[in-house]
Each structure stands twice: as C-alpha cells, then as structure tokens.
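> So that we are looking at the same thing, I have put the structure below in structure tokens.
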Amino acid sequence: MKNSLKFTKFSGNGNDFIILDHPTVEMTPAFVKKMCDRHFGVGADGILTLTEFAGTDGEMRIFNADGGEAEMCGNGLRCLATYIDQKLNHAKNAYRIKTMNATYEVIRQENAFAIEMSEIKDKNLYDLSHFHEFDRSFFINTGVPHLVFLVKDAKAIDIKPTAARYRYHSTFPNGTNVSFVEIQKDYQTAYVRTYERGVEDETHSCGTGLTATALALNYWNGWKEMITLKTLGGTQRVLVGDKVFYSGEVKHCFSGEYSL
Ligand SMILES: N[C@@H](CCC[C@H](N)C(=O)O)C(=O)O
C-alpha cells in the first residue's frame, strides 16, 4: 500500500500499544494522537518505537495517546521485549532495552517476561499530609511518577474526576499518575485502578503503577516477596525483595498497515 506505515499491536494486560519498528515518520503529537484514536486510528493507550542503541537489544520510546512522550512504561516494555523475542526467534532469555531514563533487563519466565524495575526513586519525596480524602497515600517514581491511595472500595471511585484533583496538583511539578488500591482477602493480594497521565483516563493496567502500588503496600503493611495485583486487565505480580520485578501477560493482537 502506498503511503502507509507497517505496525504491530500488542496488549500488556489490556494496556495496549502500537509498535513501530524503526519508524521513518516524525513522531509529532498530532501523528501520535491520530494513530492512537480509537475511532479514526488503530486505537491504543500509546505508541512504542523500537530503534537501535549500542550495547542493548534496542531503544524504546513511549508516546502517550495524548501525543506527549513519557520516560518509561512497564507494560510497554514487556510488550516490546515480547516483540523483539518473536522477531529474533526466541534467541535469548533476557533482553536489555533502553528507555529515556535507564536501560532495563527484561527476563524470560515460563510464558512471559518480567522486568527488573531498577529505576526507583523519590520515595515520599513530596509532603502528602494535606491530602485527607483517603486512608493512606504514598508517592514514588518507578520510572514515571506515581501517587497511590489506599481506599476501602476501589470500584466505587469515580476515577476521572477524583484522580484529576491530584494528577494536576501543584505538589507534583511533572504531574503524576494516580492509583487507588483496595486490599483483598487473599494473602498479599489487592485490587488496583490507575488513572494514567498522558492517556488522561483509567487504563486496564499500568506496570509502573502496579510496581508503585506494591511498594506502597510494602511501606504501609510490610508486604514483601510475591504481591498479587488484580486490575481490569487481569492478574499481575510484583516481587519485592532486594530487587523488584514486575510480570504479567502479553498478547500480540494484530499487525497491519496504517494509511498515512
Ligand atoms: N502504562 C505505563 C505507563 C506509561 C506512562 C504514563 N502514562 C506516564 O506518562 O507517566 C506502564 O505500564 O507503566
């Protein structure tokens, strides 16, 4: 097809991405928005681009559906590692992928990939004592900024207006993603909903958000080792020990050509 662009679509527990392998187009906000549009484009929470980067298996850039670029994306990284793995015919058990803020190790598990979440900083950097709406709050940057609230009933939250009160709050100079976590009866299990910066809505799952949530549960309640987190997109796991690993499911949805 003339004037078209080859793409692949992947989903990491319902957090869905268009993958552009060595794109020749300019990643302008207008282009990203159009391609991510769920009615006139392919439809996705974001676009991941894959390019070469010396000493790694590739560089990932992540563009949110609103056209802005983010530093890191947990589900995107698992999707891109799966894409690279399929392309290389399952050549390796671990891939090193560079993002804007660091190079991550993504390791093969039984039937998925787990990311070693090596870039964790700014734990409780901001004073949250003026937020009284929920039982507990926690801030951390797990690649991108996250604010986590402990709530009694996550499903009852009217997420867009509630999260918007914090996502743009002056406390957070770069804005923040916002997660709401409700503890479940099962051992070290919680239900999580995340409002994502740049999608400006709830997504089915957010990898950096689930990692932030597991670290919040570790901080508040001492949870450690395997933490099970349920989201709209299914069940995912965060291992909190000397190192932190995030894992979940990945699905190749389809590949195609997008008319430019
Ligand atoms: N969905 C991602 C996070 C993507 C970036 C985020 N929207 C931001 O701009 O901070 C994940 O799985 O981590």
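Note that Cβ sites are derived from N, Cα and C of the backbone, with glycine treated the same way.
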> Which residue of ASN15, ASN111, ASN124 does TrEMBL report at the same substrate site as ASN64, GLY74, ASN75, ASN177, GLU196, ARG197, GLY207, THR208?
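Among the candidates, TrEMBL records only ASN15 at this substrate site.
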> Counting only residues 6+ apart in the same chain, whose Cβ is under 8 Å from the Cβ of CYS206 (active site, proton acceptor)?
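Counting only residues 6 or more apart in sequence, the Cβ neighbours of CYS206 (active site, proton acceptor) under 8 Å are ASN15, GLY74, ASN75, ASN177, SER179, THR194, GLU196.
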> Within 8 Å of the Cβ centroid of the substrate site residues ASN15, ASN64, GLY74, ASN75, ASN177, GLU196, ARG197, GLY207, THR208, which other residues of the same chain have their Cβ?
ASP45, ALA70, CYS73, GLY76, VAL144, THR194, VAL199, THR203, CYS206, GLY209
